[in-house]
Amino acid sequence: MALSLPIESTIKSLRYQIASCEAQLQDLRHQLADAENRAHWHTIPFESLSHDMIGGVPGDIQTEFLAVLSQNGERRRYAKAWPLEKHEYKRYGRQLIMPEVGLQGQLRLKTSSVLVVGVGGLGCPAAAYLAGAGVGKIGLVDGDTVEESNLHRQILHSTGRVGMTKVESATVSLTQLNPTGEYLAYSSRLTPDTAIEIFQSYDLILDCTDNPASRYLISDTCVLLGKPLVSASALRTEGQLMVLNSPPRPPGDILGGPCYRCIFPKPPPAESVVSCGDGGILGPVVGVMGVLQALEAIKIITRGIQHPDLICHIDIDKPRFQTNNEMPPNPPEPPSLLLFSAYSNPPFRSIRLRSRKSKCASCSAQAIVTREALTSGSLDYVQFCGIVSPVEALSVSERISVDNYARIRTGTNPITGTEARSDSHTLIDVREKVQFDLCNLEGSINIPFSVVSRTSVFVKGNSAKDVGEEEWVTKMRGLPEKKPIFVICRLGNDSQLAVGKMKELGLDCGGRRWVGDVKGGLKAWRDYVDPEFPEY
Amino acid sequence: MTNPKSPAGQFTLLYFAAASSFTKRTSENFSAPVRAADLFQLLEGKYPGMGDKVLSSCAVTVNLEYIDLDGDDAADGDLMIKAGDEVAIIPPVSSG
């Protein structure tokens, strides 16, 4: 509502324009630096350059350059004498001097392209470290805009860029961090019709998304196109990390790494999937997972992503690495699932995974996931993972609007016709206790939905005492019959299910007591009754 | 969560993510031995509803190694979980 005010939209538009100009300015600075750098080299005669090379550069380093250059098929760079730009030696110096990276690793980073799907809590730190490390091209896919509630963990975005698309905002940040990279923004959600086309122009994919359907789609597309995949996820205090389809062999090749379907062949039931918005997330928890994704990506790229087949022929290359005093490339690691549980001891557990599953729907010889199936839409990922339709569990007579409920609290009760009194009814808030403690309506009683939903309904005939009725049920039974019970929650879904459960438990006294829910929950309360009620 | 050593004759089961939310625990001990294929039934008995709501999509590991319990003819269905083993129930986490 507030955003539709003209002043708000002016602010939003100005912020957006400023950010765009900043990005443009950064780009111009980069172009200028590049041009100045080239002008400098043009002033030096080529003879003196090659003289320097012969006279001043040790033979083994020269050999290494030549080996690296010829390997990357970029002989034209030889004319510039140094394989990296001058500023790049400085910028990447701290990682360049590590044997795990070295010149060859840096050149591989520079010529590599990584697609980051999802620019949220995982994608932001992942993309930041990849851009910082000098990955040449980073693609960013996300259909969302920046919200204030993202900022505690989505470190590429900023307060000034709330309302801007996440991909635009991230591009501004990454350009400021490292203007040498190329950043491509895809400002819509990944879908089966777009996945193959987008993935095709990248060497490596990072799954930083937030839902099961995207995870299966991304994994399937990576298998079909032969791209390694670094997949991570996080919720509350826990995270998971896997390097999948690495090495990226064709479906049916048992030497290839397992895919997401090998590990999790069945999606979780849709109604059990919890988002960060509902379940919560600690910034550093998801941050750790995103940073680890960047680390795995760097390991894969510096090992030689462009030629995954060469990994098996390390021995052939060995003499060259020895003459250059360079460490032989690390062999690919066996597949593993890293579990992070921030409040556990130990916080990290690494699970050894199997190779590809012989009956995998995606990467085995019996694969049913094909390019045709993907592009034709016959693989319905949303259907596969299930849809949570809005809860419509109650009839009209079992529900009350927030406006009418407000009148019960402050005016005339539309149901009983009596004047409002604080003790005229019972209000049950079924949000979890921690949310209830954040903010609640005066006089409401907290019975968390998790407690309500796990309460068993006993068969008639068993007396409550015999089976040990839960305390909250006993307490509610004791409330006077004439007082209606209103149930409220955050959004108006759990409240309906709770009312259903209470009726099953006989808390409506066989219909003599009105038990119903407040439609739309506390969100509706804030939207239509009390704008001061906190939004979280 | 701590990693308690399982008492004699028992194995330790660790619950992650949704499994931990459902059981309201992070770990628990059970009497060994248990056939891997019977593990889910054992849990469903103790936590009614857990099979459909949580376990159907979970990965299971024994001593930090993934085991395949997918389908009736699962590769590791006959594996015996022994006393002292650390077994983990790992639901897929998809948010981020």
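Glycine is treated like the rest: Cβ placed from N, Cα and C.
The coiled coil annotation in TrEMBL covers A:11-38. Beyond the ends of the coiled coil (A:11-38), by six or more residues, the same chain brings 3, 85-87, 160-164, 168-169, 171-172, 175-176, 179-180 to within a C-beta distance below 8 angstroms of the stretch.
The Cβ of A:ARG153 (ATP binding site) lies under 8 Å from the Cβ of A:GLY120, A:GLY121, A:CYS124, A:ILE281, A:LEU282, A:GLY283, A:VAL286, A:GLY287, each on the same chain and at least six residues away in sequence. Annotation source TrEMBL lists ATP binding site at A:GLY121, A:ASP142, A:SER149, A:ASN150, A:LEU151, A:HIS152, A:ARG153, A:LYS166, A:ASP210, A:ASN211.
Per TrEMBL, the feature Zn(2+) binding site maps to A:CYS259, A:CYS262, A:CYS360, A:CYS363. Long-range neighbours of A:CYS262 (Zn(2+) binding site) (same chain, six or more residues apart, CB within less than 8 Å of its CB): A:LEU353, A:ARG354, A:ARG356, A:LYS357, A:CYS360, A:SER362, A:CYS363.
Under DSSP, A:CYS276 (active site, glycyl thioester intermediate) is assigned to a helix (H, G or I) in the three-state scheme. Annotated active site, glycyl thioester intermediate per TrEMBL: A:CYS276, in sequence order.
DSSP assignment over the domain 'Rhodanese' (A:421-534) gives 46 helix, 14 strand, 54 coil. Residues annotated as domain 'Rhodanese' in TrEMBL: A:421-534.
Same-chain residues at least 6 positions away in sequence with a Cβ under 8 Å from that of A:CYS489 (active site, cysteine persulfide intermediate) are, in sequence order, A:ASP429, A:VAL430, A:ARG431, A:PHE449, A:SER495, A:ALA498, A:ASP517, A:GLY521, A:LEU522. Annotated active site, cysteine persulfide intermediate per TrEMBL: A:CYS489, in sequence order.
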Check your understanding: What subset of the recorded positions A:GLY121, A:LEU151, A:ASP210, A:CYS259, A:CYS276, A:CYS363 has a Cβ positioned less than 8 Å from a Cβ of chain B?
Key -> A:GLY121, A:ASP210, A:CYS276
Revision key, fill the gap. Integer Å value for the Cα distance linking A:SER149 (ATP binding site) with A:CYS276 (active site, glycyl thioester intermediate) is 10
Point to revise | Per-region confidence, the domain 'Rhodanese' (A:421-534) (mean pLDDT, whole number) | key: 89
Exercise for review: Report the same-chain neighbours of A:CYS276 (active site, glycyl thioester intermediate): residues 6+ apart in sequence with Cβ closer than 8 Å to its Cβ, ordered by sequence.
Suggested key: A:GLY121, A:ASP210, A:ALA234, A:LEU235, A:VAL286
**Study point:** Euclidean distance between Cα atoms of A:LEU151 (ATP binding site) and A:CYS259 (Zn(2+) binding site), Å
**Key:** 32
**Study point:** Largest CA-to-CA spread of ATP binders A:GLY121, A:ASP142, A:SER149, A:ASN150, A:LEU151, A:HIS152, A:ARG153, A:LYS166, A:ASP210, A:ASN211, angstrom
**Key:** 20
Check your understanding: Sorted by position, what residues of the same chain at least six away from A:LEU151 (ATP binding site) have a C-beta under 8 A from it?
Key -> A:HIS157, A:SER158, A:THR159, A:VAL162
